[in-house]
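S.K.: Pasting a structure here, questions to come.
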Ligand code: GLN
């Protein structure tokens, strides 16, 4: 017997609905419109099986293989970070700060499921976007997501940060790199336990990859080009110091919807 309350996370009702929709292959609207709907024997077994896996801690997004980001339904798996709402703030800022005109070149590093690049590409079909990741399996998912959404203005590169990136000077560089310290206890709680370590954890108290991107990124930006980076709620000062050291101008930090310092950036 599975105790549904302990099997499910902080939003048990929502998680139940999402898992039921997956089993029924229906939308949540359908679920509410058809409260009389019964599960077949095999659907019931599938639901029980999903609950049992959820009870082991496996994130709902991995169980159903998808997560919505910026109104795009994205495939995800254990090779990709699960896209977060906070990261939609980064997308919002990029759309606000990068000129809405043709012939704009944008680079996204550490694309994972492709969330940021695909959201930008969807909103700005005339931009040229380069998206890179070090993990081939993640890149395959990102490409599949591009295909599923018929997005054609993103090119994908297998690259360890800048190692294999076309040298084209960019109008903007955006990233949600790993920024959690290896000592952070959150790594041993909830969904984070199941997400790829290399998408979460960075050296130097979480600042190692941010520093590398800020440093090398300067050479890839056009004069006036924008760098925009997601970081931890308590990393604003450190990230701003690195940006200032590198001579980026108008260094700024923006808050996410919860009021946490979440995105910092500057202009070359
Ligand atoms: N924002 C994520 C979290 O704290 C981590 C993602 C990242 O390190 N870029 O759960």
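Quick reminder: no glycine exception, Cβ is built from N, Cα and C everywhere.
Annotations for this protein, taken from TrEMBL, read as follows:
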type	residues	note
BINDING	110, 111, 112, 113, 114, 133, 161, 176	S-adenosyl-L-methionine binding site
BINDING	176, 177, 178, 179	substrate binding site
DOMAIN	10-65	domain 'Release factor glutamine methyltransferase N-terminal'
DOMAIN	102-259	domain 'Methyltransferase'
S.K.: If the criterion is a C-beta within less than 6 angstroms of any ligand 1 atom, which of the binding-site residues 110, 113, 178 pass it? List them in sequence order.
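M.R.: What lies within reach of ligand 1, judged by Cβ under 6 Å, is 178.
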S.K.: In three-state terms from DSSP, label residue 110 (S-adenosyl-L-methionine binding site) for me.
M.R.: coil
S.K.: Counting Cβ atoms within 10 Å across all protein chains shown, which of the binding-site residues 110, 112, 114, 177, 178 comes out on top?
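M.R.: Most Cβ neighbours within 10 Å: 114.
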S.K.: How many helix, strand and coil residues does the domain 'Release factor glutamine methyltransferase N-terminal' (10-65) contain under DSSP?
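M.R.: Taking each residue of the domain 'Release factor glutamine methyltransferase N-terminal' (10-65) in turn, the totals are 39 helix, 0 strand, 17 coil.
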S.K.: Taking the recorded substrate site as 176, 177, 178, 179, identify the other residues of that chain whose CB atom sits within 8 Å of the mean position of the site's CB atoms, giving them in sequence order.
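M.R.: So the additional residues around the site are 110, 175, 180, 199, 200, 202, 209, 210, 229, 230, 231.
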S.K.: Cα within 10 Å of residue 178 (substrate binding site): which of the binding-site residues 111, 112, 114, 161 qualify?
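M.R.: Passing the 10 Å Cα cut: none.
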S.K.: Between the two most separated Cα atoms in 110, 111, 112, 113, 114, 133, 161, 176, the residues recorded as binding S-adenosyl-L-methionine, what distance in Å do you get?
M.R.: 16
S.K.: What is the interatomic distance between the Cα atoms of residue 111 (S-adenosyl-L-methionine binding site) and residue 177 (substrate binding site), given in whole Å?
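M.R.: Checking the Cα atoms of residue 111 (S-adenosyl-L-methionine binding site) and residue 177 (substrate binding site) gives a distance of 9 Å.
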